[in-house]
Amino acid sequence: MSDVSRPSPAGVRTAAVIPAAGRGVRLGPGAPKALRALNGTPMLIHAVRALAASRAVSLVVVVAPPDETAEVKSLLDAHALPERTDFLVVPGGESRQESVKRGLDVLPPGYDIVLVHDAARPLVPVDTVDAVIDAVRAGAPAVVPALPLADTVKEVEPARTPGEPEPVLATPERARLRAVQTPQGFDRETLVRAHETVTDNVTDDASMVEQLGLTVVVVPGHEEAFKVTRPLDLVLAEAVLARRRLNDGF
Ligand SMILES: Nc1ccn([C@@H]2O[C@H](COP(=O)(O)OP(=O)(O)OP(=O)(O)O)[C@@H](O)[C@H]2O)c(=O)n1
Ligand SMILES: C[C@](O)(CO)[C@H](O)COP(=O)(O)O
C-alpha cells in the first residue's frame, strides 16, 4: 500500500500545477488541446480528475490558455470534482516553462510538495501520482515517472532542409535510457529556485533541477500516462477510456 493513501504527515501538503495553455499544433487545427474532448469530456477535466484522485493533493492550479481562463473556470464548476480539493486558474505564457512558472507564482504558503502535470497526459493512473509523491516525501528533491524505451534511439545531425536524410552521430545504449512522463514531483523550494535560476528553455521541469546540480530520481511510469500529442493518440486515449469503462462494469 502506498504511503499516500494514509493521512499526510503533519503539516506536509501537496499542490499540483497543471500546464494546459498549449495550442496543440501537432494535434491539428481546433480548440486548444486541453479543451478538446475525450469521450465527450475535455482532456483537461480528465487530467484534473487524475491528479485530484490522489488523497494527498489538496490544491490544483490550472494554467489555462490566456483567452480561455473564464471557460476553464466554468468547466471546473460544471464537472464533478472532489470537494476536498481547492482549485485555482491562472493564464499561461508563451512556453510550457513560462506557464509552469505562472502556476508556481500563485501557490499559497503551506504547500511543501509540488507536482507538475501536463494536461496532455489525461489518463495517468492515481498509483503513478502517489508513487511520485511518496518518493518526494521520502526525501528526493525531484522525482520523475519514466518507462524504458521500446525503440532503439539514434542521435542525428538534424537536416538543414526538411526531408533531407539525416546522418547518424551515435546510438546511445538503450538500457540506460528512459522516456520521461508527468506528474513530476518536487520539493517546492527546489522547484521555485530552479525556475528562478535556469534561463534556457527546457522541455521538462526536472531538467532544470538537474542544472542546479541536484539529483533527480526516476520511479516507474505507466503506459496509460502517455502524452496526447498527435491525432493517433486521441484514438488510443479513447480506447483506454473504453477499456476502463468495461473493466468498471458500466
Ligand atoms: N505555452 C504553453 C505550452 C504548453 N503548455 C502545456 O504543456 C503541456 C505539454 O505540452 P505539449 O504536449 O507540447 O502541448 P502543446 O504545446 O499544446 O503541443 P504542440 O507543441 O503540439 O503545440 C501541455 O499540457 C500544454 O498545454 C502550456 O501550458 N503552455
Ligand atoms: C514534460 C514532458 O511531458 C516530459 O516528457 C515533455 O518534455 C513535454 O514536452 P512537450 O514537447 O512540451 O510536449
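Placed from the backbone N, Cα and C atoms, the Cβ positions cover glycine too.
Residues or ranges marked as site 'Transition state stabilizer' by TrEMBL: Arg26 (among others). For Arg26 (site 'Transition state stabilizer'), the number of other Cβ atoms no farther than 10 Å from its own Cβ, over all displayed protein chains, is 13.
Residues or ranges marked as site 'Transition state stabilizer' in TrEMBL: Lys33 (among others). Lys33 (site 'Transition state stabilizer') falls within a helical segment according to DSSP.
Sequence-distant contacts of Arg174 (site 'Positions MEP for the nucleophilic attack'), defined as residues of its own chain at least six apart whose C-beta falls under 8 angstroms from its C-beta, comprise Pro148, Leu149, Thr152, Val153. Taken from TrEMBL, the feature site 'Positions MEP for the nucleophilic attack' covers Arg174 (among others).
Under the heading site 'Positions MEP for the nucleophilic attack', TrEMBL lists Lys227 (among others). Under the three-state DSSP scheme, Lys227 (site 'Positions MEP for the nucleophilic attack') falls in the coil class. Sequence-distant neighbours of Lys227 (site 'Positions MEP for the nucleophilic attack') (same chain, 6+ residues apart, CB-CB distance under 8 A): Asp118, Ala120, Arg121, Gln181, Asp233.
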### Summary
A correct count of other C-beta atoms within 10 Å of the C-beta of Lys33 (site 'Transition state stabilizer') gives 25
### Message
Between Lys33 (site 'Transition state stabilizer') and Arg26 (site 'Transition state stabilizer'), how many Å separate their Cα atoms?
### Response
9
### Summary
Under a three-state DSSP reduction, the secondary structure at Arg26 (site 'Transition state stabilizer') is helix
